[in-house]
Amino acid sequence: MEALGSYPISFGSGRVPTTSDGDESKRLPNRRRSFQAAGDWLRRRSTAAKIGLAVAAAVAAMFVLKHTVTNHNYLFIASEIIHAAGLLILAYKLTTHKTCSGMSSKSQELTALFLLVRLIFGSIMEVDVYTFLDSINFIATVWVIYMIRSKLKNTYNKALDNFHLYYVVVPSMVLSLFIFPHVHYNPMVRVLWAFGVYVESFSMLPQLLMMQNAKMIEPFTAHYVFAMGISRFLAFAYWVIQCDARKVEDARLEYIIQQ
């Protein structure tokens with residue numbers, strides 16, 4: 001009987017109390033099954049349905065960002081910081097594993113191009129924190145290109161990285177001559193601005209195609225692509241929200257002038 005007194009048994013309810021860890025361990029399989037069921041449902045959808053869901057999720061996320069983030073400039077800063085985090089992932093792979101397998105030099109070259117363009121028109125417009133962040137990412141990107149093309153070129157699979165840069169550069173250049181933002185700067189800045197945005201939008205295409213050609217995804221490359229996806233989305237959301245806010249402001253000024 002003395003031994004029974006040492007156990008936390010409730011004779012009134014006839015139950016032995018369970019710990020919260022036990023309850024948690026029971027709930028975890030249910031959560032895992034829910035996520036697995038959602039993943040299976042998504043995999044069964046057609047490609048068009050997946051694209052539609054992705055677009056709907058992106059629009060919903062931009063709506064939330066527009067109405068929750070008070071200063072939309074933080075979106076662009078977050079985009080630059082996440083870009084830098086992705087480059088740190090590549091730097092860790094290049095310096096510790098001494099290999100650039102699975103990495104696309106073409107994608108890094110497009111990234112360096114749009115960052116250089118952005119530095120040029122950013123310096124013409126105004127040197128600010130954005131210019132500083134772009135400078136850091138540009139230097140890091142050039143270093144990555146050097147490692148791929150020179151120091152670790154024996155591990156670079158050039159045959160799989162077969163995307164032609166002019167597929168992005170030429171259409172972006174032509175499009176920027178006709179479709180550009182109406183900012184209060186000279187036409188050259190407007191064209192450079194548009195060209196940089198267009199190149200940035202497709203800069204990850206060579207990397208995605210290389211991953212498809214290789215039929216495999218290396219962990220560090222996958223983390224980098226994920227980081228760049230978030231970075232590009234935040235940058236895109238920033239430009240869309242800024243353009244919308246500029247249109248509203250221009251309409252307000254036009255209304256005041258008419259009055």
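Heads up, the Cβ atoms here are built off N, Cα and C, so glycines get one too.
Sequence annotations record features per position, and here TrEMBL assigns region 'Disordered' to 1-29.
Look at TrEMBL and you will find 51-69 (among others) tagged as transmembrane segment.
Annotation comment: TrEMBL describes 75-95 (among others) as transmembrane segment.
Nonlocal intrachain contacts for the transmembrane segment (130-148), taken as residues 6+ away from its ends with a CB within less than 8 angstroms of a stretch CB, comprise 76-77, 80-81, 83-84, 87, 90-91, 94, 100, 103, 105, 108-109, 111-112, 115-116, 118-119, 122-123, 156. Taken from TrEMBL, the feature transmembrane segment covers 130-148 (among others).
For 164-185 (among others), the entry in TrEMBL reads transmembrane segment.
Residues or ranges marked as transmembrane segment in TrEMBL: 191-210 (among others).
Per TrEMBL, the feature transmembrane segment maps to 222-241 (among others). Long-range contacts of the transmembrane segment (222-241) within its own chain (CB-CB distance under 8 A, at least 6 residues past either end) are made by residues 58, 61-62, 65-66, 72-73, 75-76, 78-80, 82-83, 85-87, 89-90, 197, 200-201, 204, 207-208, 211.
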For the transmembrane segment (51-69), distant same-chain residues with Cβ under 8 A (at least six beyond the ends): 42, 45, 75, 233, 237, 240-241, 244
Same-chain residue ranges lying at least 6 outside the transmembrane segment (164-185) that approach it to Cβ under 8 Å: 106, 109-110, 113, 121, 124-125, 191-195, 198-199, 202-203, 205-206, 243
